[in-house]
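Student: Heads up, here are the entries from TrEMBL:
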ACT_SITE  257  active site, proton acceptor
BINDING   62, 102, 103, 165  NADP(+) binding site
BINDING   195, 199, 233, 252, 357  substrate binding site
DOMAIN    25-204  domain 'Glucose-6-phosphate dehydrogenase NAD-binding'
DOMAIN    206-505  domain 'Glucose-6-phosphate dehydrogenase C-terminal'
Ligand code: BG6
């Protein structure tokens with residue numbers, strides 16, 4: 001019997017909104033993101049029958065490719081998936097086109113406009129367009145201007161722009177980029193993407209908090225003693241040294257993905273589920289966030305970098321040995337920091353945030369630790385009772401887990417911790433979609449709920465800009481601590497918590 005029939009939780013699982021006929025234009029179509037994430041996500045939407053038949057994907061980049069070369073490259077990117085879905089691929093590929101475009105050349109924009117009109121005729125895409133800027137961040141502003149000058153953003157109902165991260169390099173540059181893009185169109189045409197917001201489990205934090213009554217009453221400083229937010233990766237910098245050298249973990253992961261997890265975990269309940277209500281609350285809580293020690297940030301922020309490791313037989317290169325990395329680089333591949341949120345709900349609760357590459361495990365999670373029982377009536381198995389924890393597992397093993405004390409079986413009255421679990425996979429019987437699947441669909445639906453608004457991005461940069469300036473001006477004050485690959489990062493990061501009598505969770 002199929003799982004669809006046996007699992008009642010799957011009934012009505014795919015009740016999706018309808019994407020209108022349109023052409024998605026990807027600038028940077030020859031790049032890494034297009035073949036690793038964007039086209040696989042679009043093909044997934046196609047297989048789920050979520051793309052309208054009047055859909056076209058126009059790839060644009062400077063390379064002089066033809067439609068055929070573009071289709072072939074995308075087929076190579078999808079690899080095995082195509083073998084299993086030959087027919088679907090042939091139909092999907094018929095809607096793939098390519099146009100060589102340099103966004104800096106006005107004549108190329110004229111060519112592009114004509115090509116889009118031709119695609120409208122061919123595929124009935126009705127001048128409805130989503131432009132995706134997957135280009136170098138330095139071209140985000142000029143790219144938007146080029147589209148606006150060519151008249152391609154003039155209809156707010158039929159044109160929108162998706163902008164990849166990083167949106168700016170600090171507070172001032174994010175502000176000026178916002179000014180530029182807002183001069184090109186309306187805020188509701190601008191979709192600043194953060195793929196963590198597309199993850200099922202990050203959205204689940206909202207549902208868990210605001211669709212239940214059991215969590216919200218205890219979701220505050222009266223019951224929660226600390227929060228840890230982790231995004232750990234086992235991979236290194238891979239082929240992205242060029243970008244990563246000027247970015248580092250703070251700009252690459254903390255300012256966006258970790259801060260979005262922080263905002264969703266800590267925001268106030270929105271009055272209704274609509275994009276503005278949600279984004280108002282996220283922006284508001286980020287404005288109340290601050291480094292734990294603003295005067296001496298080195299007390300609340302630790303930077304690390306992975307050193308050579310592995311075994312003699314299977315050595316692992318250190319960050320400085322990676323191709324394209326400066327052998328004396330001081331770019332951080334690990335950051336841990338402590339933050340506070342100065343509002344009524346969170347005053348005094350420490351938030352410990354960490355991320356790093358080449359760590360012991362691939363793991364993203366939010367861990368809420370609750371205050372201990374005021375009186376210890378029972379002996380505990382481990383000497384003292386463990387504090388209750390709610391663990392929101394973002395990835396892998398998407399789900400959530402409660403930890404609490406129960407009576408140990410037997411004649412005594414000893415307590416010991418146990419776990420109660422919810423797993424997406426076990427409950428719903430199908431893997432969650434990649435973040436990009438959800439976000440591409442939402443952008444094409446013109447739904448900005450899961451995209452960051454201008455004030456949110458600025459509030460996030462405002463939070464970290466003092467650290468970035470300190471690293472720039474006096475790097476010795478935030479030194480790089482080397483750490484061995486496949487560990488949990490530098491020992492100095494443990495001190496950050498040990499000073500508060502705590503430990504990082506090591507699952
Ligand atoms: C990207 C970063 O935004 O997120 C990468 O640029 C990082 O450096 C990646 O590896 C992590 O995403 P995920 O979905 O694998 O956790």
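Placement of Cβ uses the backbone N, Cα and C atoms for every residue, glycine included.
Fair warning: this is a prediction, and the values are worked out from it, not measured in the lab.
Give me the local environment of each listed feature.
Tutor: Long-range neighbours of residue 257 (active site, proton acceptor) (same chain, six or more residues apart, CB within less than 8 Å of its CB): 194, 195, 196, 231, 355. In the three-state DSSP scheme, residue 257 (active site, proton acceptor) falls into the helix class.
Other C-beta atoms found within 10 angstroms of the C-beta of residue 62 (NADP(+) binding site) number 17, with every protein chain shown included.
In sequence order, 166, 244 make up the list of same-chain residues 6 or more apart from residue 252 (substrate binding site) whose Cβ falls under 8 Å from its Cβ.
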Student: Filter the binding-site residues 62, 102, 103, 199, 252, 357 down to those with CB closer than 6 A to an atom of ligand 1; keep them in sequence order.
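Tutor: 252, in sequence order.
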Student: Measuring Cα to Cα, how many Å separate residue 62 (NADP(+) binding site) from residue 199 (substrate binding site)?
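Tutor: Between the Cα atoms of residue 62 (NADP(+) binding site) and residue 199 (substrate binding site), the distance comes to 32 Å.
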Student: Quick one: among the binding-site residues 165, 195, 357, which has the most Cβ atoms sitting within 10 Å of its own Cβ?
Tutor: 357
Student: Whole-number Å only: compute the distance from the Cα of residue 357 (substrate binding site) to the Cα of residue 165 (NADP(+) binding site).
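Tutor: That separation, Cα to Cα, works out to 18 Å.
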Student: Quick check: of the binding-site residues listed here (102, 103, 165), which one has the Cα closest to that of residue 199 (substrate binding site)?
Tutor: 165
Student: Near the Cβ of residue 199 (substrate binding site), how many other Cβ atoms are there if near means within 10 Å?
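Tutor: I get 25 for this one.
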Student: Cα-Cα, whole number of Å: residue 102 (NADP(+) binding site) versus residue 233 (substrate binding site)?
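Tutor: Approximately 35 Å lies between the Cα of residue 102 (NADP(+) binding site) and that of residue 233 (substrate binding site).
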